[in-house]
Amino acid sequence: MSSSTMDEPFFSNLDILLFSLIAGLLVYWLVFRKKVEPIPEFKKLESVFIDKMKKTGKNIVVFYGSQTGTAEEFSNRLSKDAHRYGMKGMSADPEEYDMSELSRLPEIENSLAIFCMATYGEGDPTDNSQDFYDWLQEGDADFTGVKYTVFSLGNKTYEHYNAMGKYVDKRLAELGAQRIFDLGMGDDDGNLEEDFVSWREQFWPAVCEHFGVEATGEESSIRQYELKVHSDLNMNKIYTGEVGRLKSFENQKPPFDSKNPFLAPVSVNRKLNKAGDRHLMHLELDITGSKIRYESGDHVAVYPINDSVIVNRIGEVLGVDLDTVISLNNLDEESNKKHPFPCPSTYRTALTHYLDITNPPRTNVLYELAQYATEPKEQENMRKMASSSPEGKVRSPALLNILAILEDLPSLRPPIDHLCELLPRLQARYYSIASSSKVHPNSIHICAVVVEYETKTGRVNKGVTTNWLKSKMPTDNGHKATVPMYIRKSQFRLPFKSTNPVIMVGPGTGIAPFMGFVQERGWLKEQGKEVGETVLYYGCRHKNEDFLYQEELEEFEKTGVLTALNVAFSRDQAEKVYVQHLLKKSKEAVWRLVHTDNAHIYICGDARNMARDVQNAFYEIAEELGGLSRAQAVDYIKKLMTKGRYSQDVWS
C-alpha cells in the first residue's frame, strides 16, 4: 500500500460538513419541534349529553337552532317549565354535543327531546345547527323509542317558511322517533311570542297525558342565576362590553367573528338624502390591517350600544348604583352556560352592552316580574298582559319597552339582578354591504335609514343601532369613533360568469348590495373582461329628496357600467309608481334577458310587500310573453330559484 493512500484522512471535509449539517438539523428538530397538543378531555366529555342528563337527574333536553337568540330564549323557557310538571329540563346547543347520542335518550325514564329550530335566510339552518342538519341529512341513525316534539320559528313573508323546523320534524320521524305533540309554527311576521305561548299552553297538558304526570301547581318564579356582588375585584378582571375574550377590545387579534368582533374605525358618515323628514346615511368602516375579507353581497354584523339616557333612567327608577360590580352565576353547576352575559361586569355595562332594553319584553318576563308589583291591581294587570287571553292581548304593552312599563307601574320595582337575568341579550344587527372588495379592499360601506317613530302613548321609540351609528362621526373629540363588527357570508352572489346579464331590483336602502355589484362589474370592465348587461330597478319617494347615490348611479350609467338605470319615484306624481310597475313597463327587455340570455335576478329590500309584488310582476311577464299559465309561471320562477338565478336578500 502506497504511503500517499495511508496519509488520506478517514473523513473528507465534505463528509464532515454533511455530518455537521445532519446533526444540526437533528438537534433543531428535537429542541424546536412543535409538540403535539393532546385533545382536551373535557371536549370528549361535553359531547355526551345523555351522561350529563343522568348525572343531574334531567329527563327533558331542549335543543335550539338560533341565529338572533329567540329560539335559545324559547328553549330556556321550556326547560324551566319542566319543573312545574315534576320533571327536570336542560337547554342545549346542538353545536356543543354529539347528536348521535340522541339514540340513547330512551335509557332515561320519561325522557323527551324538544327542538326549537329557527330558519335562517333562504330556508337554511342557523349557524349553530348547521352540523346537526348535515348529520341528519347524511346519517342513518335509529331513533326508535326517542320521543320528541318541534317548535319552529320563521317568517311567512319568506319563500321557505319554517323550512328547518319542518325538516327536523319530518326527518326525526323517518329515523324512527315518536312525535308526541304536533309541530308548532311561529310566524315572526305576525306575533311569534303569541304563537309560541299558544303552542306551549297546549303542549304541556299533552306531555302530562302522555307520561301520566300532573302539574305540581308550583307557579313560583325559579331563579336560574344567583347574584354575587364584588367589592374588591381587580378592574382588569371586569368585562366592559367585550362579547367574548376579556380585554379583546384593547388587544385585538384576528380572526374576527361573532365572538371576537373587530373594532372598525368610522372613516365616513354622511347623510344621503337631500331633504325630507327621514335620515338616510352612508357609513364607511375602515378594516385596514384586520385581515377581514368580504365579497359583494355579504352582510356586515354590527354590535350596537344602548342609549345611556335609558340606561341611567332604569337605574334611577330602581334606585340602584349602576356601577356595582356583579356576577350572575348559574345555579346549575353542570350547565355549559355559566352566566347570562359576560361576568363579572357592572349593571351599567350589562344594560348598555349586553341586554335588550328597548324591545317590548316577552310574556314570560312580564309574568315573572309581576310578583314584584306591590299594588294588587298592577300585579293583576301584568299577569293578564303575560297571558294569551283576549283580555291580555288588549292590555299588552305593544311597543312599550321595560323602562316605559316601570314608569307606568309605580309599584313595580323588581330587584335589578332578576331583571338582568330575564331580559334577552342585545343582538348584532345585519346590514347588506354597499361596496365591492375589489374596489374597496380596506373599507366596508353601510347604507341605512335611522329608525325613529312615535308610539300611541306619545313616547318616541328610536332604533338602537341606527341612532347609535348616526352619532358615530369619524373623529369624536380627537378620538376615532369605532364600531364592533364582523362579516357574515351570504349566498347573494354575482354570477360566476361575468358575461351573464344581471337584473337588480332594490328600492330604498335595498340599493345597498347593488352598489357593490355595480362597482364590481365596473372593475371587471376595467380589467378588460367581457361583462353582460347590468340593469337596475331602483325606487324612492321623491327625486329631489331621497334618490340615494344619484350622482354615482348616473355616472355608472354614463360610462356604460349600468346598461339601464330605471328609477320609480313613488310620490312625484298623482298615482304611485313602484319598481314592479317599471318591470312590467319594460317586460319585453326583461323577458329577453331572463328567458334567452340567462340573466340572474336579484331582489333586495322589504319582504312583506315589495318582494312579493316584484315576484308577481315576474309571474305576469312569464305568463304574457312566455305563453304560460299562472301555475307554469310560478314553476318557472321556482326553477330559476333552484338554479340560483333568482336570489333574494330581504327583511320584514
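Keep in mind that glycine also has a Cβ here, set from the backbone N, Cα and C atoms.
Annotations in TrEMBL come from automatic prediction, not curation.
Annotated features, as they stand in TrEMBL:
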- 66-71, 118-121, 153-162, Asp188: FMN binding site (BINDING)
- Arg278, Thr509, Ser570, Arg571, Lys576, Val577, Tyr578, Val579, Gln580, Asp613: NADP(+) binding site (BINDING)
- Arg429, Tyr430, Tyr431, Ser432, Cys447, Ala448, Val449, Tyr453, Gly463, Val464, Thr465, Thr466, Trp651: FAD binding site (BINDING)
- 60-204: domain 'Flavodoxin-like' (DOMAIN)
- 259-495: domain 'FAD-binding FR-type' (DOMAIN)
- 12-31: transmembrane segment (TRANSMEM)
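Comparing Cα positions, Val449 (FAD binding site) lies closest to Tyr578 out of the binding-site residues Ser66, Lys576, Tyr578, Gln580. Largest Cα-to-Cα span within the FAD-binding set Arg429, Tyr430, Tyr431, Ser432, Cys447, Ala448, Val449, Tyr453, Gly463, Val464, Thr465, Thr466, Trp651: 23 Å. Using CA atoms as reference points, the binding-site residues Arg278, Cys447, Gly463, Ser570, Gln580 were checked against Tyr158 (FMN binding site), and the closest is Gln580. Ranked by CA distance from Gly121 (FMN binding site), the binding-site residues Arg278, Cys447, Gln580 have Cys447 at the top as the closest.
Residues Arg278, Thr509, Ser570, Arg571, Lys576, Val577, Tyr578, Val579, Gln580, Asp613, recorded as binding NADP(+), reach a greatest CA to CA spacing of 24 Å.
Separation of the C-alpha atoms of Asn155 (FMN binding site) and Gly463 (FAD binding site): 21 Å, rounded to the nearest whole number. Counting every protein chain shown, 12 other Cβ atoms lie within 10 Å of the Cβ of Lys576 (NADP(+) binding site).
Residue counts of the domain 'Flavodoxin-like' (60-204) by helix, strand and coil are 65 helix, 35 strand, 45 coil (DSSP-based). Note on the binding-site residues Ser66, Asn155, Ser570, Gln580: the fewest other CB atoms within 10 A surround the CB of Ser570. Listed binding-site residues: Ala118, Cys447, Val449. The one with the lowest count of other Cβ atoms within 10 Å of its Cβ is Val449. The most crowded of the binding-site residues listed here (Arg278, Arg429) is Arg429, judged by how many other CB atoms sit within 10 Å of its own CB.
When pLDDT values are averaged over the domain 'FAD-binding FR-type' (259-495), the model yields 92.
When the C-alpha distances from Arg278 (NADP(+) binding site) to the binding-site residues Ser66, Gly69, Arg429, Thr465 are tabulated, the minimum falls on Thr465. Between Ala118 (FMN binding site) and Trp651 (FAD binding site), the C-alpha separation comes to 15 Å.
A 10 Å cutoff on Cβ-Cβ distances gives Tyr161 (FMN binding site) a total of 17 other Cβ atoms nearby, all chains included.
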